[in-house]
C-alpha cells in the first residue's frame, strides 16, 4: 500500500522513509547493539517495501548498510520501486570533500548497492578544508555522468547550503530534527529559513530522538553495552526524568488518536510543512509498522501547538551528538 508522498527535486517519495543506520552491521554488532542475520534483516526491508516505505537512506559510513540493500535489490529485482539515498565523506581521519574522493566514494557506493545510479547523493558532513563549491562541483559532474540524480547536504550551515545551491541545485538537506532538537529553527542558525527560501526538502534524521521519544527506554541502563547512545550527553541518566516527562505528555496527546508517542512525534514533524520528510530507522518489523502508521495520524492545530510548546519548554541539556564539532559548520571560502 503506497504511503503519502512528498517531493525531493521532481521525484515523489514516501513521506516516511527508512533510515538504515540501525540495521547495519559494524564489526561484531551495530550502532545500536546486536544485529540480526541477513535473512532477518531482509525481512525488515521486505516489510518496508510492502508498507510503501520506499525512500531508503544509507551512507558509506553505515557498516554493511549499502551492501545489505544491494543484496536485497539483487534478490528482489525491485530497484525501480526504491528511491535510494546515500552519503559520502566521513573517514577515520576526518571529513573529505575533495573531487577525487567524491568520485571514489560514489564509485564504491554504486558498487556496494549494485546500481548504476544513486537517486540522492549527500555530502555527509562539510569538509572544513575544501570549499563547498569545489565539492559540489565534483558532485555535479556525477549528475552529468548519470551516476547520481539529485544532490544533498547534511548538517551544514545556512551559508554553506546557499553557496552549494549556487553551484548546483541542492534537492535535500538531511538534518537532525525532533521535539528534542529544533536547532534549524534558531534564527541565528537560519537553516530552516534558508532551505525554505531555496526550495530544499528537509529530511529529518533521528526524528524519534534516537528512539527515546517512543517510551521504549526508561534509563541509559536499557541501552545495550555497545550502544552508541550511551555516549550522547543529552541522554545522560540525569536527563531521563525530563525525557520521560516529554514522552508521557506525547502519550496523552496520542490517546485521542489511538497513537503511540512515537507516532505523535512523526505526525508532528510532518505537520511542520510539506517540505518535511522523516526517516526513522529500526531493526524490528513491529516498530517499522508503527512508524509507517504515523502517516494516518492527523493532529489538530491545537495538538501541533501543544507538541511545539512541549518541545520548546522541555529544555533537556547536553549536546545531541558526542561529535558536535562537525555539525552545522561552514566551509572555507573559495580562493579569489
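From the backbone N, Cα and C atoms, a Cβ is placed for every residue, glycine too.
Over in Swiss-Prot, the protein carries these features:
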- 62: active site, proton donor (ACT_SITE)
- 57, 154-155, 174, 206-220, 283-291: NADP(+) binding site (BINDING)
- 124: substrate binding site (BINDING)
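In this structure, the C-alpha atom of residue 210 (NADP(+) binding site) lies 15 angstrom from that of residue 62 (active site, proton donor). Counting every protein chain shown, 15 other Cβ atoms lie within 10 Å of the Cβ of residue 284 (NADP(+) binding site). Annotation for the binding-site residues 124, 210, 218: lowest Cβ count within 10 Å of the residue's own Cβ, 218. In the three-state DSSP assignment, the secondary structure recorded for residue 57 (NADP(+) binding site) is strand. DSSP gives residue 124 (substrate binding site) a coil state; it is part of no helix or strand. In this structure the C-alpha atoms belonging to the residue listed as 'substrate binding site' and residue 57 (NADP(+) binding site) are separated by 12 Å.
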